[in-house]
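Enquirer: Sharing a structure with you now.
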Amino acid sequence: MAAAGLLPLPAAPQAKVTFEDVAVLLSQEEWARLGPAQRGLYRHVMMETYGNVVSLGLPGSKPVVISQLERGEDPWVLDGQGTELSQSLGSDHSECKAKEENQNTDLNVPPLISDEASATLTETPLRKVAEERYKTEPKVCPSPKPIGPQNAHGLNPSVPVARPQTAPSVERPYICIECGKCFGRSSHLLQHQRIHTGEKPYVCHVCGKAFSQSSVLSKHRRIHTGEKPYECNECGKAFRVSSDLAQHHKIHTGEKPHECLECGKAFTQLSHLIQHQRIHTGERPYVCPLCGKAFNHSTVLRSHQRVHTGEKPHGCSECGKTFSVKRTLLQHQRVHTGEKPYTCSECGKAFSDRSVLIQHHNVHTGEKPYECSECGKTFSHRSTLMNHERIHTQEKPYACYECGKAFVQHSHLIQHQRVHTGEKPYVCGECGHAFSARRSLIQHERIHTGEKPFQCTECGKAFSLKATLIVHLRTHTGEKPYECNSCGKAFSQYSVLIQHQRIHTGEKPYECGECGRAFNQHGHLIQHQKVHKKL
């Protein structure tokens, strides 16, 4: 006896499942109605479905739609083009009956789509397309049963119910009246119906998050308990979910079954291949609702959204510093451990971050691949180009919350904030002098070492600071880039221009503590103070 509200189907002999039995072909119009995220989901589901069917060892040539997906083409078909693919699904009752009598092989078919993906489909245009296709092309075996009265649930038990598009490998007598999907157990149907109702009766008592299935709640609880029951026999690494362990095993076996047809790169997971293919297609389906910025992966979007929320869930156990991205925390922890796993093959210099090593390689090659579109200046690092471009745009996105002063680079803001906090974390090992910026410490240490690494190619004179060399070079070139707006006089140094402008403004910021006399230059005040010392 079926449970109330559940509609049993007549038992059917077990049949082989082919890709054609489960494929959903889309027309050009239907494909156009899907958004980027839904197209990505469709690609993922179709490729995974085909992979599961192929794993059963069933014969058959590769479907056209799979070839289209592998080539990165839009997987829609012209009207009538999918007839061959769909004819086995739309046969009449006699053809269905003959097929069922001839095909009684017992196959254990794996699930073609996960519960999460199925839940996502119900909330998307892709589900709507499937529902419309289902309504117009039921693909059922007509029944001669007469129409009888409706039951208490508004259903007529005598009316033939459309079978789902998938040909079940086992008896599935319970059908969903919303979408026509069939199930072997009434409990599975009840779980499925929560997709349509939105009911989530299983609530986590720790964080309050709700789920439609108790099994999903059980997996979620392991986040709070830290339980990882699935352990790798090779290396002992443990996982919360069995599917994660299965994927991890491929690291040891070296298996990479999913290959990119564009560049030949292979991946252990289909999802990684799909993500990689967006590099070639330029697709960025994950859009931030706050600023509109788009990303090619959902995890990158989640990390980005923390910029808006200020959330920093990853904390360092050593110093308590928090980070919005786990990768940044791992890089930071190397400050405490001193680990520098990335070594330059040219000079042997080691780095704590791989991206810094890649940038360092440009020092040896001389490569400067990043060019400014405004002035043509080239840079070895993309981040340096971005900072440079703000000179042209005059953008200063990093503002101090204390005084409102804005900066071009985030590192400059960090250094500036130490003016307010008084923090000077960089200490000289020779004399104990402390500095707020690491660059200032490096420059100071040259006083003790006598190092002057910046040499003039014209006269051979050397300097401890690069900025001093740049100013010196203007002696040879005669360049005077700093011009007074009041009188037009030009200067080779910005500091000299500032001093000169005080002639026009009358500003005298340097005052003598003895007699109160003021001067427009600090050097003039020093000379004046010697008068008091002589007296």
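Quick reminder: no glycine exception, Cβ is built from N, Cα and C everywhere.
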Enquirer: Which stretch, out of 92-114, 115-137, 230-252, is listed as zinc finger by Swiss-Prot?
Expert: 230-252
Enquirer: Please find, within the list 68-90, 482-504, the residue stretch that Swiss-Prot describes as zinc finger.
Expert: 482-504
Enquirer: For LYS396 (SUMO2 cross-link), what is the tally of other C-beta atoms lying within 10 angstroms of its C-beta?
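Expert: There are 14 such Cβ atoms around LYS396 (SUMO2 cross-link).
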Enquirer: Quick one: mean pLDDT on the zinc finger (426-448)?
Expert: 90
Enquirer: Please list, in sequence order, the residues in the chain of LYS200 (SUMO2 cross-link) that are at least six apart in sequence and whose C-beta is under 8 Å away from its C-beta.
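Expert: When sequence neighbours closer than 6 are ignored, LYS200 (SUMO2 cross-link) has ARG194, ALA210, PHE211, SER212 within Cβ distance under 8 Å.
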Enquirer: So are the zinc finger (258-280) and the zinc finger (202-224) touching or not, going by 3+ C-beta pairs under 8 A with a sequence gap of 6 or more?
Expert: no
Enquirer: Could you say whether, by DSSP, LYS396 (SUMO2 cross-link) belongs to a helix, a strand or a coil region?
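Expert: LYS396 (SUMO2 cross-link) sits in coil per DSSP, no helix or strand.
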Enquirer: Take the zinc finger (510-532) and find every residue of the same chain, 6 or more past its ends, with a Cβ under 8 Å from one of its Cβ atoms.
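Expert: Here the qualifying positions are 499, 502-503.
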